[in-house]
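If you check Swiss-Prot, you get these features:
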type: TRANSMEM; residues: 33-53; note: transmembrane segment
type: TRANSMEM; residues: 77-98; note: transmembrane segment
type: BINDING; residues: His83, His182; note: heme b b562 binding site
type: BINDING; residues: His97, His196; note: heme b b566 binding site
type: TRANSMEM; residues: 113-133; note: transmembrane segment
type: TRANSMEM; residues: 178-198; note: transmembrane segment
type: BINDING; residues: His201; note: ubiquinone binding site
type: TRANSMEM; residues: 226-246; note: transmembrane segment
type: TRANSMEM; residues: 288-308; note: transmembrane segment
type: TRANSMEM; residues: 320-340; note: transmembrane segment
type: TRANSMEM; residues: 347-367; note: transmembrane segment
Amino acid sequence: MINMRKTHPLLKIINHSFIDLPAPSNISAWWNFGSLLGVCLIIQILTGLFLAMHYTSDTLTAFSSVAHICRDVNHGWLLRNLHANGASMFFMCLFLHVGRGIYYGSYLYKETWNIGVILLLTVMATAFVGYVLPWGQMSFWGATVITNLLSAIPYIGTTLAEWIWGGFAVDKATLTRFFAFHFILPFIIMALAIVHLLFLHETGSNNPSGINPDSDKIPFHPYYTIKDALGFMFLLLTLLLLALFSPDLLGDPDNFSPANPLNTPPHIKPEWYFLFAYAILRSIPNKLGGVLALLASILILLIIPLLHTANQRSMMFRPVSQTLFWILTANLITLTWIGGQPVEQPFIIIGQLASMLYFMLILILMPLAGLFENYMLKPKW
């Protein structure tokens, strides 16, 4: 009798995706982040669902409903801490996942890569609207500053901003619709993640060498299921350490004060995972220019496949490109640091230089490095 998992209409799909899937034999721990992101998404949806049962999306009661969750709901404090720090873990895994894709040339699977960039944008949108929900000072002012950027769009900007606010400023209508968005978007992310996997399984996984691995494949189960399980343990351990020992480490103290439209915090800044983009936004002393730079800093990922000039796919055997990649990594860490600093010297000039270097590395230096490495590999005799 043929195994049921190979014949049953539903089990067959799961089997082809997670059990009998042929996978390269040499993929490293950098390939664990896809499954870790799946676990993060499930954790966020489950904790978020239970939080939504007790949260009220009204300006008068939102802040106190979050306090009520933490004080009065059974294990509400744990749900809230897991959800807030789960977002940080989500972005940590996302950035490492994207970094892996750039380093090993995975972006040459264009459909998978483009869906991935759309996923990144959707997750960023979800995190932004979610941060507004507790209705603390930084929630309110973060929402005000970021949605206000829409007014920089010529001609339709102000109308667009007011349409999103549901009034003339961030208020009750804004909070209600942001809660609706925050509830629906994770399910859209889940659907997109399935499409992401669908495109990936059309081509099969890339591997560290960047060479076609078809001649040496192994079944996903048990080899990579057990490897993923180890990753899950590390992820859950880190998340629990964060949520149980220092739940407010990555948050902003201003968010412990209820939103007050009459009192602006001294330093308005988003959560740590948006600081690199915020630094790029602030580095241009023009509203529209800053908004365009902010968009470009993320959308630039879409043109990375077009900028691939090297004859080799992976950076594994390309030392010049490797050096530039790690400079880019250091540059992004620098931008993250600058985004959390006040707008004064020397932070302004450091932010401007780091922003310029970010675009130069991706658009000019890395493609040139690829061409240089091609030249160096050509026989000279």
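Placed from the backbone N, Cα and C atoms, the Cβ positions cover glycine too.
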Quiz prompt | the transmembrane segment (77-98) versus listed stretches 33-53, 113-133, 178-198, 288-308: most Cβ pairs under 8 Å | solution = 33-53
Quiz item: If one looks at the chain holding His182 (heme b b562 binding site), which residues at least 6 apart in sequence have a CB under 8 angstroms from its CB?
Solution: Gly48, Thr126, Val129, Gly130, Leu133
Self-check item: Sparsest Cβ surroundings (other CB atoms within 10 Å) among the binding-site residues His83, His97, His196, His201
Solution: His201
Quiz item: In the same chain, who gets a Cβ under 8 Å from the transmembrane segment (113-133) while lying at least 6 residues past its ends?
Solution: 55, 57, 62, 66, 87, 90-91, 94, 98, 101, 106-107, 139-140, 142-143, 146, 170, 174-175, 178-179, 181-182, 185-186, 188-189, 192-193, 195-196, 199, 270-271, 273-274, 298-299, 301-302, 304-305
Quiz prompt | Assigned element (helix, strand, coil) containing His182 (heme b b562 binding site), judged by DSSP | solution = helix
Self-check item: Folded-back contacts onto the transmembrane segment (178-198), same chain, C-beta under 8 angstroms, at least six residues removed
Solution: 17, 37-38, 41, 44-45, 48, 52, 55, 57, 112, 115-116, 118-119, 122-123, 125-126, 129-130, 132-133, 143
Quiz item: What is the separation, in Å, between the Cα atoms of His83 (heme b b562 binding site) and His196 (heme b b566 binding site)?
Solution: 24
